[in-house]
Structure formats: C-alpha cells, structure tokens
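Take a look at the structure below.
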Amino acid sequence: MKSCGVSLTTAAVAFGDEAKKMAAGKASREGEEEPLSLTVEEREALGDMDSRLFGFVRLHEDGARTKTLLGKAVRCYESLILKAEGKVESDFFCQLGHFNLLLEDYSKALSAYQRYYSLQADYWKNAAFLYGLGLVYFYYNAFHWAIKAFQDVLYVDPSFCRAKEIHLRLGLMFKVNTDYKSSLKHFQLALIDCNPCTLSSAEIQFHIAHLYETQRKYHSAKEAYEQLLQTENLPAQVKATVLQQLGWMHHNMDLVGDKATKESYAIPYLQKSLEADPNSGQSWYFLGRCYSSIGKVQDAFVSYRQSIDRSEASADTWCSIGVLYQQQNQPIDALQAYICAVQLDHGHAAAWMDLGTLYESCNQPQDAIKCYLNAARSKRCSNTSTLAARIKFLQNGSDNWNGGQSLSHHPVQQVYSLCLTPQKLQHLEQLRANRDNLNPAQKHQLEQLESQFVLMQQMRHKEVAQVRTTGIHNGAIADSSLPTNSVSNRQPHAALTRVSSVSQPGVRPACVEKLLSNGAFSAGCIPCGTSKILGSTDTILLGSNCIAGSESNGNVPYLQQNTHTLPHSHTDLNSSTEEPWRKQLSNSTQGLHKSQSSCLSGPNEEQPLFSTGSAQYHQATSTGIKKSNEHLTLPSNSVPQGDADSHLSSHTATSGGQQGIMFTKESKPSKNRSLVPETSRHTGDPSNGCADVKGLSNHVHQLIADAVSSPNHGDSPNLLIADNPQLSALLIGKANGNVGTGTCDKVNNIHPAVHTKTDHSVASSPSSAISTATPSPKSTEQRSINSVTSLNSPHSGLHTVNGEGLGNSQSSTKVDLPLVSHRSTSQIIPSMSVSICPSSTEVLKACRNPGKNGLSNSCILLDKCPPPRPPTSPYPPLPKDKLNPPTPSIYLENKRDAFFPPLHQFCTNPKNPVTVIRGLAGALKLDLGLFSTKTLVEANNEHIVEVRTQLLQPADENWDPTGTKKIWRCESNRSHTTIAKYAQYQASSFQESLRAGMQWCDLSSLQPPPPGFKRFSHLSLPNSWNYRHLPSCPTNFCIFVETGFHHVGQAHLELLTSGGLLASASQSAGITGVSHHAR
C-alpha cells in the first residue's frame, strides 16, 4: 500500500533551515523566534510511526521520549503549515493526522485527515490513512463512516497488519447496530487471526458470549461463558466479569426454576466474582439486588453500602436503597435516598416514580404529580400513557384526599431548592478547616456559604416537621433501630434542580453520609418484592401506595394492592416505537479495560433506553486502547447522567448503561474519560470561556443520531469538527476573549470540511461536535474558508490563511517542505502493467505463495479502481406521498381514444410509471369469448402452457421461496402443462367449488391470494385466488405494459381467468399484457 509520506530530495534539509528560507524577504517576521527543528535521527524515528502503531506505542516509557518526540513533530508541522499558508503536500497532513492520533488528540487528527482527504484524489490507496480515519470515527461513535473506512482498508489491503484490530472494532459496531450475524463473523475472524492485538483471545471470546446474550440466546451465552471459565490461565478480571454475567443472567432470566432456585445459582456466582475482584462495585450492587429479591434486607443493605464505597455514586444504588427504606416504613429515609438518586441523574425515571409513589402514600398528591411529571419527561420512560392516566386521576381527585382537605406541601424541588451542591459543601468544609489562613475575599465567601447553610437547615427542619405531622397516617415513622431523619446535622440535603449534577468522587450529599451510617435494618424486615426485568413485555406498574398502613385506593386499579411489598418502579423498555439498536446499545459496550475499577455486567434484558433526539447518541464502545497498572479490571462507569433508563440501568447487560468492557489494553485515551461517557458528563463549567482543548476528546461524546444511522449522508467522511464558529472559538481560545490566558493548549486546527446548503451545522455544544453535513469534499463551491490556527499565537485573532479556498491551494505554488520519510509499503498495481488476457500458466504462477493466512501480500487492485460503494441517496429525501404517488386512471369510450397519440405519450412518460386504462375491451370491440377455455381447447388442445407459482407477499416486499430473507429477484416456480389438461383442472376445480356450497358475493369482497397460488388458476376458487364473484360475469381488467413485468424478470400474463376468459389482449391492439386481477 501507499506509504503515509513521500520521500523528497529535501528530506535532509533541517526544519530550521527550511523555515529560514521561507521567512527570507519577509520583514514582518524578522522579530519572530526560529521554529523548532528535527534532527536526522528524530526524522528516522518518526518515519516508522503512523496509525498502525495506535494502541501499541507506549508514550510514557523511556521517560516519555516518544510522546515528547511526537509533540515536537506536531509543533514543527504546525509552524511550517502556518508559514506556508497551508500550501503544502497532501501527505504532510496525513503524517500530521497520524502523529495527533498517536497523541490521542482526536479533534486535530480528524482535521488533518479531512484536509488530506480533500486534497488527495486517490486517498483510498493509502491504507494507513483509512485505518487512522476509521479509528477517529470510531472514537466519535460515527459508526456509519467508521465501518466504511475499515471495510475499505480490508478491501484495498486484505493482509493489512492491523486487520485483527479492524475485525474487533467491526464486531463491536455491528453489535451496536444489531447486525448480529456480521458481528459474530468479525469476532470469529479476529479470534482466529494470529497477529498481535490489543485484546486477548479470552476477551474476544467474552465478546462472543455476550453477543449471544444480547441476542437473547441465553443458553448459548451460558455455555460460552462456562466454556470460557475453563480456559487455563484466565486473567482474574476476565474471570470476575464472566462470573458476574452468569450471576446476573440467572437472577433475571428464566434459566432455571422459580425465584429461590434462580437466586441459589446467582448469589454463588456473584460471590465468586467478588472473590476474583473484591473492588467491583457493580458486583456488590448485583448481589444486593439478589438479596433484596429473596428478603434478606440486611444483607442487601450491606451490599449496597459496599457498592457505594467501591465506586462512584450511582443513582441505581440509591434508588434501590430508597426502596428498602420505603419497604420498612421509613419514608423520610426513603425520601433522602430517592433525592440522592434524582440528584445524580435527574432523568432517572424509576426514581421519580418511586418518589411519586412515596408522596402519594403520604397523602401529598401535588408533590406526587410533580414527581410523575418529571418521570414522564424523562426520555427513558416508556410507560408515559400509564403515568398520564395516573397524573390525571390525581389532579381530578386531589381535593378529596384526607376527607376533602387538600394538603399544601412544598414539592420536593422546593424543599431543597436552597441547598448547596456537593461541590459547594466540600468547598465550605475546606474553608472552615483553613479559617485562620483565609484572605478577606475567602472569609467573605465563607460567611455567605455559612449563612446559606443556616437557611437550608431551617428550611429542612420545617419541611421534616410538616411531613411528620401531616404526611403519615399512623403517626409512627419507622422502626426505632433506624433514625427517622437521616440528614446530618452539619450537611443538608443536596439540592434538586432541573440541571442534573454529578457527584464527584469522595463528595457525597449529606443524606448519603447519614444513610450509610444508619447500619443494618431491624430483624423484622419485610422482604421487598421482586422487581420486574426491564426487558419484560408486561406492563410495569407503579408500586404500592399502602406503605404506611394506609388503606389502598380502590380507584387506582393498576396499583398493586399488596400492603407488604413495594416493588421497584421500572419502565418497560420493549416499546414498539423504539429502534432495536437503541435498546441494545449499552449491551455492546463490552470491552475489557485495564484500570482499578469494578466489573461491569448485566443482562441484556435491562438495557437503557436511549434518546431518539437528533443530537444525542451514546458512546457505546470505548475507542481508545487503555492501559493502567498492567492488569485487567472491568470498570464501573457509575456516573448515571447518561441514558440509564431506570435505577437498574447501571447493571444492564454487559455492564448496563453505566459500564463498558474496554476491549483494548495498551493505550490510554484520557485520564478523565470514562469508559462509556454519558452525553452530558463533560460539558464543563459554562462560566469558563475557554475549555482545555487538550481534553477535547473528553468532551466530544455526542453525535447527531442521523450521522450514525442514516445512510443518506453520502460517502464523504468530512465531519465538520472545526467549522462550527462556536466550537472553533472554543478550540482557539477566543471565547470571552481568553485567547492569551494560557488556559488552552496549542492546537493545529485545520478545516478541510465543507458546509452544505442545508442546516446541518455542528451543534454549539462541544459535546456534540460531529455534524451530518458531509457532501463530497470535491465540491469546492460549497467549501468554507479553510484556516490553520494556533492557540499559542501572540495575536488574539484567527490566523486565517489560504482564504481563497482549497481549489486555489492546489493550483498555487507549493512550498517544498521536508517531510518525514516513511518506509514504502506495497503499492497499487498500475493499470498499464496488468494484462487482460493472461494464460492459465501465468494465472497459476501468480497464485502461488499467496501469502499469510491465504491472503496475498500484494494488492491486486488497479490504480483506477477505488473500493465499491453504494450510490448516494437523492437529496433532498422524497416525502412519502412522492414515493407512492396516485395512479392515474383513464376510461376509453371508443377506438379513436384508444389510438390517440397523446394517450400513448402519457402512458410512456417516465413521470407516469403506472397507468390504469379502463374500457379498453369495449372500445376495441374485443370478443373475449374467443379466448375462453372452450375455444382454446377446440383450437389447439395440445399447446404447451407455462404455469408459474408465486408466493403471496406485499407489493413493496420480495421474499425468497423459504420466506426467511428478502431478495431482489422475483422468484417463481416454473412448470408446464397443456391447454387440455388445464381445462380439465379448471372444470374439476369448478365442480368442487359448487359442491362446497360456495356463496358468491360482490366483487367488493375480494381477498388477497394465499401463499402458493398459481398464476393461471381459476379466480373463483377459494383454494387459489379466493376471488368470489359469479363465473359468468366478465370483469374489468387492468392493462399493464410489458416493461412492467420485465424489470423483475417476469413474462407478461397470457392465460386464463375466471369465466373461461383469457386475460390477454390482441397484439394488434397495442397491448402486450393484461393482468387477471379483477376489479
């Protein structure tokens, strides 16, 4: 394949000397310092570095010499591009993209790759470029383009050294897209490949087992997991994850008998998983769920506490704790736990529903309504109709609560609206600890925080007293073994706001600290009800409203009437309106990751419901190759601010919405990036005018959904990562005039992408920095001004160069810059060197020694044959009414009308593909009796007739004979008979229909033909067409031109219809085929 760079005669020239030549004669640059230069040794070392080293190069070894060298090379390239005003060799940008990719600066790598793509016409010959571009798209979850780039690599270079990595990523992406057959194929290809890979064979086998689980082939998944456990020298972390998956599968799936039997299998698996990895917060959470389902509330609480201590705060865990408290008649403690859950994830529908149920049980309908409204607003809530009915009931009957006395309580949002956030509480503690060393400004801030803290305390005590006096029927709050008020004396509840906040590690709301200090439950605990699986097709209802011993409301039929249990409130994920890939997205995020975190796991039944909005797409698979401390752990991404559907989402299949098993070992994308980043996790402080650009990869975790799933984006990979004015301002530090503040690192922001005329611009938020506007980069009339920018520029403005556009950049005189010489690889065969008529001996000789794994080491493609690709979809897309236009119908009254030239022109006009002509037989005075069965038998009874049998199917579908898959070719079984035999069949079948006492009806009762009907069978037979009309009544016929059948390989119809009439017309009448469909 073509190398990433080209060898120039000026390669030996130092970068410093070249820069001096370019700067000669430019007085404005006399005062500037000389740019960095690369030595010969450094250029030789860089010559071996391209995208193929991604995941294998260790940047922090040897004193981080490799990372320093790559950073120096990037700065040199950026400086020279600025001086050359962007008019450099296209391979220069390819090398720059490789270096930025190895440094894991994905935004800059994408910009450089896009520039190379737009400048190099035969970019498809460069396999290293396609591989690097695919890695960047994979990082940004642009699976549509990543799949295309990786497939192009395998097409142009089947023996590519990183083919195993490509198969691995293709398997993950196809699993996300629910193409399980393709996913399994690529996982198996990766498994049998002996080349080095960032993932071990055991980890690939884990992905295959999880793929079965995602397909709900639980027995196959169980066998695959158990077979993996028998592997010798299985890494401890892989073993822990497999055991975790097996335990959670037994808990949720009906693999064995009743509940007690399932838990008897699930709990030992989870305990063994914790033996292999005691720090797995996810396994502790699953164990708590299992204990809770069988009534071991004390053990469940201990497991939940262990989960919180070993991982970041999880909304799922706190919601489950709230259910336990609510089950124990401790509404205040349950309230605090639910508030922790909704604070960590404001869109946690199950927590809002449980909180609404709690308020409803305490006769606070207005607060319950507000909680139900919040649950209904959540994008992960599927039972909105049930919630709407409940809200309507509460609104209509709220005045009748408590004997007609309506209660006026502050809603939960108001109770804690004055509370400090966990971050401010931590800051307050720090200021108090350093009170003696504070400056005047800090002392003033401390006074303000303490005054606000006092107001919060007063508000909290007032609200708690109100709930105690009016909110509980029986007066007594709970078992004396647990305090009724779990709020710390020093710290109030964390505030509940519309903007969800993420609790930082080590910083917990006050209710969290107090709830953890409550200890175990009393011995007389009531077991909690078993929660439904999220994948269940049953309607999932709200919990009991009889928690405190109150009488259940008979007017609420869908509420459970069990006064002893309070099942978890779940949302049903099997919504018919939800796309399958969105349901399965979190399950395909399995990647075994090297870090000190807990295992991920979960059943594919519990999958988070992802937003269907145009600007959200969850990062399903980790794109970086991550390594930490040289051993495997399965991380628990416990910040549930993404798309966790319910309080169970963190344990969804294969880690649920909160985790992803990273499939890579060697590389580390970012210290701050979680394994499965949530869509709003890293949006940053809105008050900051300039974000850390080097951490941009941690911010871009959203995609416009159409950019991933829609096939209507053409074949251009030009993601507009840098052409958004707001995002560009963020990258170059111009936001709020903070360019020269030093808060941003230097970034070479190249803009090769193009804008379209439609409104597909990049989202203004840095978390949605990928656009769908990607026409062909060769359309120079649609290009925006390309610029090369530097964040460390002494000027506050943008360095806009090459303002004339890319079209002029290639035609202009280019500065001869010294490129790093890359070792050449196999090249595309020139078309002139290939003979089109080789002998068999030459062919056999060429096929000998095909190379490794049966694949040739040299490419057999011609230099003018790019990889195949489907044609671009028409733009703009046609509306539905245009896809199925109304069919014109014309009625003929006489022969003159039939031969009217405008009628012929109308019928042959491409704008009218189908035309129905009525009254043709009468206008032409055709004697259809001449074509009756009797007449044909008398004329030529031995004439061979072809009979075809076709399947009944909708007009817009075409299935194969087995009915298992859609095909393009119209299948039709062919057989032959004679007119005499067909007449005999027709007569006998007609007699059978008469004996069956068939009742004739009007033509309006026509029914579609059943499967296996014969094209020439009698229309009046119930076992064929089932067209019910008197056989003696002639019918009207639809006239179809011959081309209407030939485009699917069908001959026009030529034989009998009902009543002995032949559905064919005279060729002299200008009709080539007549349909026997009665009208």
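In case you wondered, yes, glycine gets a Cβ from its N, Cα and C as well.
What Swiss-Prot records for 558-601 (among others) is compositional bias 'Polar residues'.
Annotation comment: Swiss-Prot describes 609-626 (among others) as compositional bias 'Polar residues'.
The annotation compositional bias 'Polar residues' is assigned in Swiss-Prot to 647-656 (among others).
Summarising the annotation, Swiss-Prot assigns compositional bias 'Low complexity' to 761-779.
Residues annotated as compositional bias 'Polar residues' in Swiss-Prot: 782-795 (among others).
The phosphothreonine annotation in Swiss-Prot covers Thr887, and the record cites similarity to another entry as its basis. In this structure, Thr887 (phosphothreonine) belongs to neither helix nor strand by DSSP; it is coil.
What Swiss-Prot records for 558-694 (among others) is region 'Disordered'.
Residues annotated as region 'Disordered' in Swiss-Prot: 757-813 (among others).
Here Swiss-Prot flags 90-123 as repeat 'TPR 1'.
The repeat 'TPR 2' feature in Swiss-Prot is assigned to 127-160.
The repeat 'TPR 3' feature in Swiss-Prot is assigned to 164-198.
If you look up Swiss-Prot, you'll see 202-235 marked as repeat 'TPR 4'. Here the repeat 'TPR 4' (202-235) has, by DSSP, the following mix of helix, strand and coil residues: 25 helix, 0 strand, 9 coil.
The repeat 'TPR 5' annotation in Swiss-Prot covers 240-280.
The repeat 'TPR 6' feature in Swiss-Prot is assigned to 281-314. Per-residue pLDDT, averaged over the repeat 'TPR 6' (281-314), rounds to 89.
Sequence annotations record features per position, and here Swiss-Prot assigns repeat 'TPR 7' to 316-348.
What Swiss-Prot records for 349-382 is repeat 'TPR 8'. Here the repeat 'TPR 8' (349-382) has, by DSSP, the following mix of helix, strand and coil residues: 26 helix, 0 strand, 8 coil.
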Cβ neighbours within the same chain of Thr887 (phosphothreonine) - under 8 Å, at least six residues apart: Val914, Thr915, Val916
